[in-house]
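*Asks:* First the structure, which I've put down as structure tokens, then a few questions once you've had a look.
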Amino acid sequence: MSQSTMIHHSEAWQALTQHADGMRNVHLKSLFAEAPGHHARFTRRGAGLTLDLSKHRWRDETLTKLLALAREANLERAIERLQNGERVNLSEDRPALHTALRLPPEASLVVEGEDVVPDVHETLARMQAMVEKCHAGQWRGATGKAITDVVNLGVGGSDLGPLMVTHALADYRPRDVHQVDIHFASTMDGSQLADYLTRFNPATTLFVLSSKSFTTIDTLSNASTARDWLMTRLADGGRDAGMREVVMRQHFIGVSAKPERMSEWGIDPRHQLRFWEWVGGRYSLWGAIGLPIALAVGMENFRELLAGAHEMDRHFRDTPLEDNLPVLLALAGIWNVNFLDVRAHSILPYDGRLEYFASYLEQLEMESNGKSVTNDGEITPYSTCPVLWGQLGPNAQHAFYQLLHQGTQAVECDFIAPVRRYDRVEDPATRAHLKAQHRLTLANCIAQSRVLMLGDEALPSDAPRPSHKRYRGNQPSTTLLLDRLTPRTLGALIALYEHKVFVQATIWDINPFDQWGVELGKQIASETEQILASRRGAETLDDSSRGLLDVVWQAQDAT
């Protein structure tokens, strides 16, 4: 878009701006009072999810105007372009085809003359062979012992997605197989890895090196340390050439879009899994990057995860905008950020299995839409992605809910919970106790969203209270209920947020599939590391950076 045709100049945007002037002082409690059936009109179901958007500060008229904005941005055509494999990642001139990773084997998707589905399922078949070999106790280390621990070495999308899903689906770990424990190490300082290396048996430890480019310094630093650890303990420090070869073959799997770099590093081609340049890192858990998930829950459950995401893909593609879950979720965010000036967003799962979901969404949303330049290179004169953070809701109640209830910031909240849990606990007494705990958790989830909406009016007594015991309410929130937390509903939940991000990016006219800010950080860090090591070139830096380096060098000289 040129400056004159940017979305904020559109009739739909201008109509929303005018409409917002009359909505800013409207309290949520009055919206429910003035229109019976408000909840039903702003609630939708799909793919095992119930999406309640009724606690946002909007009316039917608001949604009608937001849908007009989406159509003004050609959203329906954008959805087609995304799922058809057109080049929607404009800065890198390629498709963004994470949806292809969850297509069923009988599907066909021809992208630039090539059907990508067979390659996707060939990779899944290779993953399955590796998983079955581990679960049969047949993947053996250099000494012939079966692998018992798998450590995923990755960062960002190669870590957060697999970590989140593996934790969320821990209940689905297969019980009739050789047990393999899954671990994650991402920090470049080596602290996570160091803990594992003091506790694990090198003879039974397998490392998965996950890096799209296979140049990420965080991952390769950990990988080099892991390799040296194995060589020292299993191959006489690497001097035993025969054992060195066996160690490299049996203790490393590589996952990357760059097979030649995996081979250069020493990973056996038979133990390499590939993915493609058209899959962004933060969208990659659906393919080979998801190997730790498959090792944790088995391939059958991994395929159910894909099926749930694909169900949401079809919903996103085929459902009219006014009933489309990702579209409606995205429009609620657009309304809050761009028209009500709500620029903070908290993710609050009420289920301990979703402990890492907020961290996962931090990357998905802020790395995707934390942009200030349009696809045509114009500076955006409007806000884009809000600051997003979160924590398990029950814990957050004792951490930052004080700010939500009585602070000065307007914050949009997403409450997420499964409706049913613990149905399959065998012992009746234990099942009853756990179900009571789940009921308590659901009560807190619903109650907190109610208090954030109503403020003082949620309290049973209308007796006068001092100011420090007053609650203003009027904080917007979404409540997402899963029928159950299963591989299928989790897949749908993740895909829901992926598509929400795409909808917002389309309206803001930004590219959600690049991350040039991340690339700049890597470049500057590499240059700084060279100066730190050589003690030359500090004069090119700013005064603060030179001062900090001096502190480090003085400490090094003192030891």
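Glycine residues also receive a Cβ, built from the backbone N, Cα and C atoms like all the rest.
Residues or ranges marked as active site, proton donor by Swiss-Prot on the basis of sequence analysis: E367. Marked as active site by Swiss-Prot on the basis of sequence analysis: H398, K522.
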*Asks:* How far is it from H398 (active site) to the residue listed as 'active site, proton donor', counting Cα to Cα, in Å?
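*Replies:* Checking the Cα atoms of H398 (active site) and the residue listed as 'active site, proton donor' gives a distance of 28 Å.
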*Asks:* With Cβ-Cβ distance below 8 Å and at least 6 positions apart along the chain, what are the contacts of E367 (active site, proton donor)? List them in sequence order.
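*Replies:* Spatial neighbours, sequence-distant, of E367 (active site, proton donor): G156, R282, Q515, V518.
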*Asks:* Counting other Cβ atoms within 10 Å of each residue's Cβ, which of the active-site residues H398, K522 comes out lowest?
*Replies:* H398
